[in-house]
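J.: One structure follows; several queries about it will come next.
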Amino acid sequence: MGAHHPALGLLLLLLCPAQVFSQSCVWYGECGIATGDKRYNCKYSGPPKPLPKDGYDLVQELCPGLFFDNVSLCCDIQQLQTLKSNLQLPLQFLSRCPSCFYNLMTLFCELTCSPHQSQFLNVTATEDYFDPKTQENKTNVKELEYFVGQSFANAMYNACRDVEAPSSNEKALGLLCGRDARACNATNWIEYMFNKDNGQAPFTIIPVFSDLSILGMEPMRNATKGCNESVDEVTGPCSCQDCSIVCGPKPQPPPPPMPWRIWGLDAMYVIMWVTYVAFLFVFFGALLAVWCHRRRYFVSEYTPIDSNIAFSVNSSDKGEASCCDPLGAAFDDCLRRMFTKWGAFCVRNPTCIIFFSLAFITVCSSGLVFVQVTTNPVELWSAPHSQARLEKEYFDKHFGPFFRTEQLIIQAPNTSVHIYEPYPAGADVPFGPPLNKEILHQVLDLQIAIESITASYNNETVTLQDICVAPLSPYNKNCTIMSVLNYFQNSHAVLDSQVGDDFYIYADYHTHFLYCVRAPASLNDTSLLHGPCLGTFGGPVFPWLVLGGYDDQNYNNATALVITFPVNNYYNDTERLQRAWAWEKEFISFVKNYKNPNLTISFTAERSIEDELNRESNSDVFTVIISYVVMFLYISLALGHIQSCSRLLVDSKISLGIAGILIVLSSVACSLGIFSYMGMPLTLIVIEVIPFLVLAVGVDNIFILVQTYQRDERLQEETLDQQLGRILGEVAPTMFLSSFSETSAFFFGALSSMPAVHTFSLFAGMAVLIDFLLQITCFVSLLGLDIKRQEKNHLDILCCVRGADDGQGSHASESYLFRFFKNYFAPLLLKDWLRPIVVAVFVGVLSFSVAVVNKVDIGLDQSLSMPNDSYVIDYFKSLAQYLHSGPPVYFVLEEGYNYSSRKGQNMVCGGMGCDNDSLVQQIFNAAELDTYTRVGFAPSSWIDDYFDWVSPQSSCCRLYNVTHQFCNASVMDPTCVRCRPLTPEGKQRPQGKEFMKFLPMFLSDNPNPKCGKGGHAAYGSAVNIVGDDTYIGATYFMTYHTILKTSADYTDAMKKARLIASNITETMRSKGSDYRVFPYSVFYVFYEQYLTIIDDTIFNLSVSLGSIFLVTLVVLGCELWSAVIMCITIAMILVNMFGVMWLWGISLNAVSLVNLVMSCGISVEFCSHITRAFTMSTKGSRVSRAEEALAHMGSSVFSGITLTKFGGIVVLAFAKSQIFEIFYFRMYLAMVLLGATHGLIFLPVLLSYIGPSVNKAKRHTTYERYRGTERERLLNF
């Protein structure tokens, strides 16, 4: 038997520890001070000790799994209190998912108090300690190993990895793991929590992960709860937002629309190509058929084409008048008689007419005294009752206007990338040029200098402190500065801080930066520096807002720093707003003059765009003036009809041209004055565009009137007033047609809700109407006076000086341009072989334009609105190149919603027990599809953070037990007690009056290391509490858009945000809540127009064309087909304008839409005169009538509009403003060239083919009127 004793002894030694481990401790109680107020635990190897009964509540709160039998534990009450204190930060972020926090508490409860500690804890370092209170020698536990089951660690991590931190828009583990949430895993998370360098652990705990026994140690493998499981009967599983497996399949975006293709090619190209070829086939086939048919009837091809043989496209119009012909003839005769009498009256009574005209002009233009010019971009681009404008007003009223932004984007072009080598080991980390410490010091100097800028307003000094956003004021008056330097508390000393020795640097600004970009809301980093990341203003500084040019989320690779100074905006408080303007002016001046060869700075202030728009308008005044001078000179010289050098100063009409121009400008002034009387403000687009438009319309009428007189012979026995009356009777109807068509088109265009189009249309319509009235009154009288001067041989301008009498006198003659049109251009254009070519070319161009009309870009590049030399252009470029986050977007829930009921809470919140289709959850789901929805991050949710804050397990919500006033978590006062009891009822969410009782406390609580959930900084402005803190008004839930670079991006972001909000609203309504959710971002008011720009364009152009059609139909005396042909031609011009816009890179927006509406009006000038001349012609065939119309009206249209406008437009090409060069020079040039070619080439050809038949009643009336006079011979041309 003795031989077996050694083996038996060894077996007993192996078995005995197992028996000891079953109920054995490694520590009990607290001993010496470790760091700060943290203590070591006392080493103890005995059995667990019964917990005093006054600690029962605490163990039930923290470790209910250990509350059994006589509650014998390996910890005392002080250790439990320390555990509670150390777990406050994880509690605040993880308690929203009970199963996650349950597993975490299991890990720490087993570590701190488990009666089986010795199974999985192994003390590896101790030191002696003398307790001065008990006068006993004890042993501090300085280090130990914690054997944790790998499966337990993985299960705990899996339950927590999806938990959100609503106030910081990121995963909670990103704040608790010491690294980015994406890099966090089960092992490095637990290692971080047990590392004494994290600021919470008093000593080092080395976790050892294994599911198998190691060296006789049994890993802690307690049961865990999945995030989709309930912890107890009171709490439910975690929400979808905090537990992805609860959500089911991840939502998928709808597939992008497939491009419309036919045979692998763009469908529009194919369709229009096929259509064009088919048209050519039909058109030329019809011509060939007619030609062959005519060959059967004509003896020779030289037989006159103006025969009435059947099927002739040029057949003459014989036969009886139709039923509408007499009506048209009567109406035309009525107009002719009325204008004839009026013209004669004006010539006979020039003094009276001119006096009343001047009086009218004076009265109307005096309204300019009350003129208001709108430069506010919101007023310019957003309709007062548009959805975006109303939502902006609602947001501003309830939460205050969105803050003013002063922003700098800084690069370090002369600095290279440097490499940081972490201690003691790890991969090298590259740091971008601007993250060089010397550069950071220089940027900090700049930032401090900007903070020191002062301005003067009303003899008061204005500083940044006076106007900045300070969310924790008055407790913390530091301004919000979104800058990477806020990670270093905006301090040179903190930036230079480092921990190391003579050989190594253990921690410096690199380590602090790497931690803070992962946990921007942290109050204590994990390095030896232990510095806060939270900004000095009390809020987090998110890396995507202060860094630019990095890849993915590697913030250390940043190539740009972004510094933003949010400044308070004010709702209906002009006085305080002017203070901000004054400071911004000094800010702009300072940064413009700042010199540092190591830094490249792009910047903007809130007022920058408005300032630059004003500067742009002023800088291009000279260009616009030159443009008008060129047109004035041309008009003044071209009106004269010089017959000989000796009569140069007599026959010139410079004074008449100047008078005509002044009449045009007076009509503009009258229009501005009339609407200024009404209190309607002007816009820059009105001032810049309308004179151009009215000059085109007015000059054309002047040329028609003057040139008709110059070609006219005075009849026998006819006086001057009778002659001018007769001439006005002939041409005034066509002037009336064009002017009234344009006036109607513009006034109907004012139905548009777009402010730019609405205002322009009203002012333009009134200006054109007044211009017409002044031309048939004042100008006719002036023309009569000028003719009398000419007949008396007096010099132009110097009208009192009589010229030499050469005996020639003035007589009617044809100008060179008229003879060119009559003898060469018109006959050539209407040749049988050329007309088909003209039709083919113009229809081809039309087909191309239709094919590309859907490819015109929509929007307005912001940089185009700035002068070429503007500093804001550099800012826009840097914005697109470097920034990685878009503007903030607020989902606003309108006032009246019931947050105090469980049902109401569930429809909004995103935590445990909340609906899977709640407001927060739907925004969270949208952020998961950020490339589609353009929502970049999960929303910050005040209600979820409030529930965590008010939870009885948290140390955040406490009251003084005597006064019942709020007690901040940082206050160490034994009279402070938790707000709600630690009972099953207390653990439930507050409802009813209790919900409102603690909410104001939450919104006024500043975050601190003991409670990071204080809502003052994050939610102080997010919740309206009204009715003396009795109920909640409007609230918002904020997130950020993804980076937006183009107009299409901005428009799509707004569209998707509205879709999300609409879905939330519909979901709430389906559950009985009739309150609306809408999104708001600062740019919505500017980009809303692009959501409907296509519909607005179709509406405005259709209304304009429709009104032109109706006026033309009436004025031409029910000539239906003439009105149709004219509108077809104008429509072709408009479609071709879209083709030019696509070719020339002109986008569709409010500015280009105004120009399109204007081009519709100017097209009338090119088409209406020739169309009416065609209908009035009594020639025998369509070709002859088209030739006569083109010869007589073409020269006036060409000289009156085309040449006048062309000279002025060319000058605009030299404008400094990009918006002038693109939207005015390019579009004006296009509309003049397209109008001229269609009006002078295509329209006559079209009329020669399908023009209306001659009005028999008009022909009869005309013959009867001129029978027996010398004008009878002119009827046959």
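Each Cβ is built from the backbone N, Cα and C atoms, and glycine gets one as well.
When I checked Swiss-Prot for this same protein, it listed these features:
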type: SIGNAL; residues: 1-22; note: signal peptide
type: TOPO_DOM; residues: 23-269; note: topological domain 'Lumenal'
type: DISULFID; residues: C31-C42; note: disulfide bond
type: DISULFID; residues: C75-C113; note: disulfide bond
type: DISULFID; residues: C97-C238; note: disulfide bond
type: DISULFID; residues: C100-C160; note: disulfide bond
type: CARBOHYD; residues: N137; note: N-linked glycosylation site
type: DISULFID; residues: C177-C184; note: disulfide bond
type: CARBOHYD; residues: N185; note: N-linked glycosylation site
type: CARBOHYD; residues: N222; note: N-linked glycosylation site
type: DISULFID; residues: C227-C243; note: disulfide bond
type: CARBOHYD; residues: N228; note: N-linked glycosylation site
type: DISULFID; residues: C240-C247; note: disulfide bond
type: TRANSMEM; residues: 351-371; note: transmembrane segment
type: TOPO_DOM; residues: 372-621; note: topological domain 'Lumenal'
type: CARBOHYD; residues: N459; note: N-linked glycosylation site
type: DISULFID; residues: C468-C479; note: disulfide bond
type: CARBOHYD; residues: N478; note: N-linked glycosylation site
type: DISULFID; residues: C516-C533; note: disulfide bond
type: CARBOHYD; residues: N524; note: N-linked glycosylation site
type: TRANSMEM; residues: 622-642; note: transmembrane segment
type: TRANSMEM; residues: 654-674; note: transmembrane segment
type: TOPO_DOM; residues: 675-683; note: topological domain 'Lumenal'
type: TRANSMEM; residues: 684-704; note: transmembrane segment
type: TRANSMEM; residues: 731-751; note: transmembrane segment
type: TOPO_DOM; residues: 752-759; note: topological domain 'Lumenal'
type: TRANSMEM; residues: 760-780; note: transmembrane segment
type: TRANSMEM; residues: 833-853; note: transmembrane segment
type: TOPO_DOM; residues: 854-1097; note: topological domain 'Lumenal'
type: CARBOHYD; residues: N868; note: N-linked glycosylation site
type: CARBOHYD; residues: N898; note: N-linked glycosylation site
type: DISULFID; residues: C909-C914; note: disulfide bond
type: CARBOHYD; residues: N916; note: N-linked glycosylation site
type: DISULFID; residues: C956-C1011; note: disulfide bond
type: DISULFID; residues: C957-C979; note: disulfide bond
type: CARBOHYD; residues: N961; note: N-linked glycosylation site
type: CARBOHYD; residues: N1063; note: N-linked glycosylation site
type: TRANSMEM; residues: 1098-1118; note: transmembrane segment
type: TRANSMEM; residues: 1124-1144; note: transmembrane segment
type: TRANSMEM; residues: 1146-1166; note: transmembrane segment
type: TRANSMEM; residues: 1195-1215; note: transmembrane segment
type: TOPO_DOM; residues: 1216-1226; note: topological domain 'Lumenal'
type: TRANSMEM; residues: 1227-1247; note: transmembrane segment
type: REGION; residues: 1274-1277; note: region 'Required for location in lysosomes'
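Each of these features: where is it, how hidden is it, and who are its neighbours?
T.: Taken together, the residues in the topological domain 'Lumenal' (23-269) have a mean pLDDT of 87 on the 0 to 100 scale.
When secondary structure is read from DSSP and collapsed to three states, C31 (disulfide bond) falls in the strand class. Same-chain residues at least 6 positions away in sequence with a Cβ under 8 Å from that of C31 (disulfide bond) are, in sequence order, R39, Y40, N41, C42, Y129, D131, K138, T139, N140, V141.
Around the Cβ of C113 (disulfide bond), 26 further Cβ atoms fall within 10 Å across all displayed protein chains. Mapped onto three states, the DSSP output places C113 (disulfide bond) in helix.
Its own atom aside, the Cβ of C238 (disulfide bond) has 32 Cβ atoms within 10 angstroms in the protein chains shown.
In the three-state DSSP assignment, the secondary structure recorded for C160 (disulfide bond) is helix. Within the same chain, residues at least six positions away from C160 (disulfide bond) with a Cβ under 8 Å of its Cβ are L94, C97, C100, N103, L104, A172, L173, C227.
The secondary structure of N137 (N-linked glycosylation site), as reduced to three states from DSSP, is extended strand.
Of all Cβ atoms in the protein chains displayed, 26 besides its own lie within 10 Å of the Cβ of C177 (disulfide bond).
Counting Cβ atoms from all protein chains shown, N185 (N-linked glycosylation site) has 16 others lying within 10 Å of its own Cβ. DSSP assigns N185 (N-linked glycosylation site) to coil in the three-state reduction, outside any helix or strand.
On its own chain, N222 (N-linked glycosylation site) has G65, T106, E110, F152 as residues at least 6 apart in sequence with a Cβ closer than 8 Å to its own Cβ.
DSSP assigns C227 (disulfide bond) to coil in the three-state reduction, outside any helix or strand.
In sequence order, S99, P237, C238, C243, I245, V246 are the residues near N228 (N-linked glycosylation site), counting only same-chain partners six or more apart with C-beta under 8 A.
In the three-state DSSP assignment, the secondary structure recorded for C247 (disulfide bond) is helix.
Beyond the transmembrane segment (351-371), the same-chain residues lying 6 or more positions past its ends with a Cβ under 8 Å from any Cβ of the stretch are 666, 669-677, 679, 682, 770, 774, 777-778, 780-782.
Annotation for N459 (N-linked glycosylation site): no spatial neighbours, criterion Cβ-Cβ under 8 Å with sequence separation of six or more.
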J.: Considering only Cβ pairs within less than 8 angstroms, which of the stretches 731-751, 760-780, 1124-1144 has the most against the transmembrane segment (654-674)?
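T.: Highest pair count goes to 760-780.
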J.: I need the nearest neighbour of C75 (disulfide bond) among the recorded positions N185, C479, C914, C956, using C-alpha distances.
T.: C956
J.: Six or more residues beyond either end and a Cβ under 8 Å away: which residues meet both conditions relative to the transmembrane segment (731-751)?
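T.: Distant Cβ neighbours of the transmembrane segment (731-751) are 332, 335-336, 339, 342-343, 697, 700-701, 704-705, 708, 757-758, 760-762, 764-766, 768-769, 771-772, 775-776, 1099-1100, 1103-1108, 1110-1112, 1115-1116, 1157, 1160-1161, 1164-1165, 1168-1169, 1172-1173, 1193.
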J.: Can at least 3 Cβ pairs under 8 A be found between the transmembrane segment (1124-1144) and the transmembrane segment (833-853), with each pair 6 or more apart in sequence?
T.: yes
J.: Does the transmembrane segment (1227-1247) reach the transmembrane segment (833-853), going by 3 or more CB pairs under 8 Å (6 or more apart in sequence)?
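T.: The answer is yes, given that the two segments have at least 3 Cβ pairs within the 8 Å cut-off.
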J.: Long-range same-chain neighbours of N898 (N-linked glycosylation site), Cβ under 8 Å, sequence gap at least 6?
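T.: For N898 (N-linked glycosylation site), the qualifying residues are G904, S1073.
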J.: Counting only residues 6+ away in sequence within the same chain, which have a CB under 8 Å from the CB of N916 (N-linked glycosylation site)?
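T.: Non-local contacts for N916 (N-linked glycosylation site): S239, C240, V246, C247.
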J.: Roughly how many angstrom lie between the C-alpha atoms of N137 (N-linked glycosylation site) and C113 (disulfide bond)?
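T.: C113 (disulfide bond) has its Cα 23 Å from the Cα of N137 (N-linked glycosylation site).
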J.: List, in sequence order, the same-chain residues at least six positions removed whose CB sits under 8 Å from that of C1011 (disulfide bond)?
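T.: Correct list: Q88, Q92, W949, S954, S955, C956, N968, A969, S970, D1005.
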J.: Work out how many Å separate C479 (disulfide bond) and C533 (disulfide bond) at their Cα atoms, rounded off.
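T.: Computed Cα spacing between C479 (disulfide bond) and C533 (disulfide bond) is 16 Å.
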J.: Have the transmembrane segment (1195-1215) and the transmembrane segment (760-780) got at least three CB pairs under 8 Å, pairs 6 or more apart in sequence?
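T.: When sequence-distant Cβ pairs are counted, the transmembrane segment (760-780) does not touch the transmembrane segment (1195-1215), since fewer than 3 lie under 8 Å.
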J.: Using DSSP with the three-state reduction, classify C1011 (disulfide bond) as helix, strand or coil.
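T.: Note: C1011 (disulfide bond) is in a strand by DSSP.
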